[in-house]
């Protein structure tokens, strides 16, 4: 068994967060530029088409937009598309960068009419900055303090009408006053294999990589429902195809490349398997407490809860119960193990989503 550490966690090939600034540059080159080119998220895309067209006809700024959902699903891409479809400029920042009220005021006062301000990780705004944002969103005004001490006074500045697009992976951490100021709220969902296959084929075309439909589907099925992961795997499979094959990405070539990268047919890597195997072999399938599990695999509790578990739970391989983590029937089948007769089904620990 290969041991992993925090650095390895951050560098997982199937991580949904950007691995480096270099990867972010690569992502920008592959981003769709119009809603018509945006694959998936049909409901969100349909809503935005109507709202954007209505705002353009009235020559008004688009209502403020909140995009939330797991990382890597296209929130930043949608923000850029919104600005491009509206025909305006986009200014981009993130919640942690805006440390002081003056940082936000400088951005707001430099916006032109109907511009888009995109704040990523908006749930990480400081309370001081958030207070400045409220009147800006409602009345296109901000209050700034001039002077210090007893001579200090508040001055109200008028702003150009603008659209705030906020993105977050943790909508529950937004304060109610901030959430209520967004007129358009959209949740981005995980993609299915067919949608990801279309994304892979489009990206391969932009990269001048030769890929057949089955090769694209093989990559898509292991991409954990996330376009960012699909594009990252495509790059690595392309490298493999150029060196070990004739450059053509087929299903067999993709399978061999992904096996070399330790990405299995359901998108698990070594860390996923390490966690599930610990539950199966060290704790007899569970239940096991999170602290015991963290000690057993040498990972931090937060890493397990925030990085490893969400996908495993979402796909039905892991259950959180009041007594601890439990491997599901699907996990036993995935590892080719017989299911022990321990009465867990009667206790509700192995119920499948349909109750069977």
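Heads up, residue numbers simply count up from 1 along the chain you see.
Quick reminder: no glycine exception, Cβ is built from N, Cα and C everywhere.
Swiss-Prot has this to say about the protein:
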| type | residues | note |
| --- | --- | --- |
| REGION | 4-191 | region 'Large ATPase domain (RuvB-L)' |
| BINDING | 30, 31, 72, 75, 76, 77, 138, 139, 140, 181, 191, 228 | ATP binding site |
| BINDING | 76 | Mg(2+) binding site |
| REGION | 192-262 | region 'Small ATPAse domain (RuvB-S)' |
| REGION | 265-356 | region 'Head domain (RuvB-H)' |
| BINDING | 301, 320, 325 | DNA binding site |
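Recorded features from Swiss-Prot, shown on the structure.
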| residue | record | contacts (Cβ under 8 Å, 6+ apart) |
| --- | --- | --- |
| 30 | ATP binding site | 202, 203, 206, 207, 231 |
| 76 | ATP binding site | 92, 118, 120, 167 |
| 138 | ATP binding site | 181 |
| 140 | ATP binding site | 158, 159, 160, 161, 162 |
| 191 | ATP binding site | 39, 40, 73, 199, 225, 226, 227 |
| 301 | DNA binding site | 290, 291, 294 |
| 320 | DNA binding site | 309, 313 |
| 325 | DNA binding site | 279, 286, 287, 288, 289, 290, 293, 309, 318, 319 |
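Applying DSSP to the region 'Small ATPAse domain (RuvB-S)' (192-262) sorts its residues as follows: 51 helix, 4 strand, 16 coil. Within the model, the region 'Large ATPase domain (RuvB-L)' (4-191) carries an average pLDDT of 86. The record gives 301, 320, 325 for DNA. Within 8 Å of the mean position of their Cβ atoms, the other Cβ atoms in that chain belong to 289, 290, 293, 304, 305, 309, 324. Note: the region 'Head domain (RuvB-H)' (265-356) comprises 41 helix, 9 strand, 42 coil (DSSP; helix = H, G, I, strand = E, B). The 10 Å shell around the Cβ of residue 72 (ATP binding site) contains 26 further Cβ atoms across the protein chains shown. DSSP assigns residue 140 (ATP binding site) to coil in the three-state reduction, outside any helix or strand. Residue annotation for ATP gives 30, 31, 72, 75, 76, 77, 138, 139, 140, 181, 191, 228. The furthest Cα pair among them is separated by 37 Å.
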